Structures are given as C-alpha cells and as structure tokens.
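Here is the structure we will look at, set down as structure tokens.
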Amino acid sequence: METLMVDRVHSSLRLFMHRNAVFLCERLCAQFPSETNVQLLATCYLHNNQPYAAYHILKGKKLPESRYLFAMSCFRMNLLREAEDTLCPVNEPNIEVPSGATGHYLLGVIYRCTGRMSAAAEQFTQALTLDPLLWAAYEELCILGVAEDADECFSEATALRLQQEHASTSALEKSNFANENRILSSSLPSSLGDIIPKQMKQLHANNAAEVPGYPHVRATALHVQNSTPSNIAQFDNPSPTASQTSSIVPPPLFRNVHAYQNTISGDAPAKQKANGANQPLRRKYLDEARLKKVSGRLFNQSSDSMPRRSARLSRDTTINSNSNSNISQFGGNGTDHSSGKLRVNSSTPSKLCSTAVRSVQVRKGKPRATENFDEGSRYEVIDEMWTDNVPAPSSSVSTTEGRFFEQDKAERIMLQDSKVAIGIRELLGLLRTLGEGFRLSCLFKCQEALEVFRKLPESQFNTGWVLCQVGKAYFELVDYLEADHYFELAHRLSPCTLDGMDIYSTVLYHLNAEMRLSYLAQELISIDRLSPQAWCAVGNCFALRKDHETALKNFQRAVQLDSRFAYAHTLCGHEYSALEDYENSLKFYRCALQVDERHYNAWYGLGVVYLRQEKFEFAEHHFRRAFQINPRSSVLMCYLGMALHSLKRNEEALEMMEKAIAADKKNPLPKYQKALILLGLQKYTEALEELERLKEIAPHESSMYALMGKIYKQLNILDKAVFCFGIALDLKPPAADLAIIKSAMEKVHLPDELMDDDL
C-alpha cells in the first residue's frame, strides 16, 4: 500500500496534479508517518505554493533532505535568517550543507539577498565545483561580476571529470544489478517440488494457452531442467564426459531462444522434425505469438551446473516427426488424443533449475513484461524458436559464441562510452560559448559579447534567451535600432518569454515608438498580469506621454509584485526625479542598490540628482561608482566629466570627454560638453571646431546653435552670432531655453560685461 501511494504521489507531481498529490500524500503520512514520507509531503506543499505548510511539518527535522526543504520553505516565506541557520547552523560549523550543489546555491542566494556578496560568491563557486552543469550558479557569479572565464569553468578537465563520474555511476548500477541477480538466483527453488501448488497451477495454465487462429495447437513453454537426473525414463540422459564439460563456459546473456536451448537446456523439450507442409504453420505461429523479450537474468547460470542436450531426446523427436503426428511429448503420460490439443501433464514431477520459473513462454494474452538490463535497454529474441535441422553445438562452439558475445559486449560498451564522451564535450562547448557571452555582457564588454554570441549555431542563436542578450548588448551600446530589431525577433519567436521585455520597452521609449510601446504593454499584461516586466512596459508607455504620475503608479505596482526587481526601483526613481521630488527619488535609487549593488543605472540616477542639487562632490562620487561598473559607457563618461567641470577640474573633465567621444562617436552629448569646457578655457577656435563636427551628427539641435552664437559674440563676429541665434529660435527650443536665447539675441550688440551669462 505504501509503495503504491508513493508511486501515485510522484505520478501526480509529474503530471502537475498538485492538489491530488497533496491529498494522497497526507493520507500516506497518516498511515505511514516516516520522515521520508514527510519530506514527500513537504515537496507537494512547495509545488502547490504552500511553503507555510511545508515549514510547519519540517520544523525540527534533522535529516539533510528535510533541512534543505525547510530552508527552501523559509526562503519562500522571506525568513532568510532562519533559512541560513538551517543550511549552516552556527553551533555546528562543521556540518555539511544539505543537497550538495543545490544547497550551496540556495545559501549563496541568501547571502546575496542579505548583502554579503563575497560569501555569496564562495557558495556559488562551491556549487559550481560540485556540479559543473549548474548553470544558475555560473549565472549568479556573472551577475556579481566575479565569474571566471567560461573556458576555465567548462574546460576539458571538467569534461574528463564528468566522464569519470558517469562511468563510476554506470559501474555502480551494473554492480547492484549483478548483486540482485545473485540474490534472486539463490532464492529461487531448485526443483519442481519446491514450487507451491498455486504457482505450479499457474505455470501449467500458461503452458496450455491456445495460440490465436490455431485452436488445435497449444503454446508450449520452454522448460529448462537442472542437471540432476530426472525420474522420467525418457528424460534420463547420460552425463557428459570430462572432456565435454571441461571447455564449457557460461552462456551468453542475450542469445536467441534456440541458442539458449542448445547451450543451456540439456533436457529441453524436443523439436519436431518438420516437413514442408508444417513449416509455414510454425512460422505464422511464431509471428502471432510474439516471442517475449528475454532479460539478462534468465541465463544467469554457473558453468558447473550447465544442463546438457539429450541425445535420446533428439532421437525421439526424429521418430515422432516422421510418424506424421503434430505432438510434442513433455510429460510421461503422453497426449490426449481425444481433444486434439497439445497439453502438458501437470503431474509430471520432473525437476527444473532456477531458471524454469523465469523461462520464456508463449502466452495467449499480451506479452509478458521483461526486466531491464543496463539502464533500461531491452533486447528482443530475433531468431525463430524452432528451426529445422540444427545440430547440437559442441563445447568448442559454445566457447566461441561466448567469446564473440564478450567481444560484442565490449564493443557496445566502448561505443556507448564514446557517445557519452562526445555528448559531454558538445554540451560543455555550448555552455562555454553561452557562458562566455553572458559573462562579457555582465561586465558590459558588449562588443566582445556580441562576437561570442555570433559563434553559436543558428539553432541556438535563434532562441529567445540569446536574442534578448544580444538586444541588451546593443542597448548598452546605445544602438537602439539594432536593439529593437533583436528584441522584436526574440518576442516573435518566444512571445511568452517576459525576461528582457522591460529593457525592450525602454528601447521603444528612447525611439519614441509610442504606438508599438502601447501594443507591447497590452500584450505583456494579457500574458501575465503579475509580472513586473509587464507593468514596467506600461509605466514606460505613460512616461513617454509625459504622464509621470501614472507612470509612477505602474512602476510602484511592479515593485509590489517583485521587491527584488532592481530596475523597477530605478524607474520609480527616474519618475520622482522628473517630478523634482528628489527625496523620494534618492530613496528608490538606494532601494535598487540594496537589491543589486552593481545596478549602475541607480548610481547614475543618484549622480544626476546630486548634480541638479549642485552637490558636485557627491555627484562625482556616484558617477565614478557607476563608471567603475560600466567603464565603456559614453553617457557615464560624459556625466562624470560634467561633474568634474562643475568642480573646476577642467583638465580632467576634458580628458573624460575625449574618452566619451572615442567610446561613441555618434553620441552628441560629449561633443557639446567638450565645447562648453573649451569655452570656459577661452579656447574659442577649438570650441567652434568641435561644434562644427557636432553639427554633422545633430544638425537640428537648438542648443548647439545658441552656443555657437555666444562664441561668435566673444569673437566679435556679430553677424554670425545673430545668424546662429536666429537658427536656434527657428528650431523651436524648449520653453526654458526660448527666453534665454531671445535675451541673448537682443543684447548681441551690447558689451560683454552687460550680457547675462545664461547660455
């Protein structure tokens, strides 16, 4: 009953029938309250999203599996301290973390959530050491920015280790299988007299089953007798001589039934010498009866008890076949001629060896299920059971067949090991490429990451995860058109994948694609209303319309759904900053950093707030922290240079602007800021040259023409100054800049000391 209930619970979990699994497992624990069953019940509760129930039944349990499940329950309930104490008790520092690699991974996640990044990295590294295929651990190390090269993590040494582990596991399973066979062979009865009457009745009932389509023929079983003499005269065969038995080897495991008769069953039933008329009948009989699959255990006999083939039996069958009677005689009482059907006399007291009970039988019903050998491989008997004119093999032939079988078995093992080795290397090669690309992406080495991802085969590249990673790389490179292309392709190939869709919505925000952004937000909400990515898309849609209050509500909804979603906190900070609520803006940026201290967007947001508040030292500190995380961002370089310029550190600021321009030649902001710095250093000619280069990139930027007009005024080229101010006004600048440009244009003929320094 217990085994049946456990099997039903596992089946329900496998088929996602979680409520059914919980109900059955509760009955199981009530009837059989062992800790193993309690662990199964806790697993059902966790699958059914009831961590509190699992927490209740596992509290105080000491087995490793119970500790791991209890820690998982605590983690889901946000009881991080209790989960940590369960996995790594303070009073027992030498106790092992339960569940191996997964236990270390869970402990690492707990450390990361509590801000202990170095300890988290150690646990993730330990998990990856125990299980090199635990991708989640390597992913976490990449997010923390401390992952080693994928070539080292998924190296050839790792492949060899996995092969050794697979070989040792396979050898252990085969050893256990051999032990089971040995125990089973010793426990089976050695003679027919040892079989209980009910088993004997069932055995002969099966032997007497009719063959469908041939009511005059009974399906006979192949009986294998022991080498002990029988009390039936016609089966009393002479013993082999010493020369005959000296070279006999154990029979091959998976030979056809006929070979099994010849090499093992010395007292097996006689085969009829069939005439031409009977051969088609026998072949059709075999096709319809469907010979059973034979387990390797069936032939597990020792060489010293090897049955021998009866010469008298061969002689008798020749006589019987020539007498034109389709009767095979297995018992001492002959046949029942009145019925016309072949029967086996159940009163025959002939003795069987241990394999008699497990003999191959042709039954009337469905085929008998055989046992697995060598990890579930099944071998069928492919030769016919009865063939004509097959001589009894000699001991030398048996030895040759045994050698051939051993050679064939060795070749199969070598082929299987070769396939396993190839599979391991292919998998590690794939993980090596994916891991290296993801590691470079997390380090914001986006161009190198793109080159690595392009090495993937087409089938792997055209998947949602890879395309999203490529889109993120282009997003960090501020190439929004390419990012849009790959995100759109990823969404088309995998429309229900929500990871990365928050970044996709930001890409559409920067492209001012209002209609597409609105459609994406509605689509994501229809897929999963409880995903933070969907509400971030909705918030970006309202932010694009300058409805910052509504956008803020949607971003806060994303935070409520997942408080560990750092980007939602950052977007809330951006909206508060747009509303000039700097206090709340700083609060949300700091919350984002508590979730992920490498989230450079939050460091950038803090720097922008302090820059607007004219706290330039604080601004420079936060911009530099963001720059240390993402040292290839042209935007971060530019803002850091602006903070340095505000601190009157113009040389450093100018150097940083040069780096920003080199990092992204299409970004107009560092060119404009460089011209401002040069203007402050009174290098008017160089400033004008930089603005001329900027004009090629952004020819419709009003602030650029206003700055050119100011420089021409300083150079006393008044007509060009008026011309530039006029163009700036024609380009419809923002309302805040409009009044400043008009004032500068009106005062263009006044001395410099009377002009306002607003531009």
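Even glycines carry a Cβ here, placed using N, Cα and C.
Per TrEMBL, the feature repeat 'TPR' maps to 101-134, 532-565, 566-599, 600-633, 634-667, 702-735. The region 'Disordered' feature in TrEMBL is assigned to 296-348. Per TrEMBL, compositional bias 'Low complexity' is recorded for 319-328.
Here the repeat 'TPR' (532-565) has long-range neighbours at 113, 498-502, 504-506, 508-509, 512, 514, 517-518, 520-521, 524-525, 571-572, 574-576, 578-579, 595, meaning same-chain residues at least 6 beyond its ends whose C-beta is under 8 angstroms from one of its own. Listed as Cβ neighbours of the repeat 'TPR' (566-599) (distance under 8 Å, sequence separation of 6 or more from its ends, same chain) are residues 115, 117, 143-145, 502-503, 532, 535-536, 539-540, 543, 548-549, 551-552, 555-556, 558-559, 605-606, 608-609, 612-613, 629. Mapped onto DSSP classes, the repeat 'TPR' (101-134) shows 27 helix, 0 strand, 7 coil.
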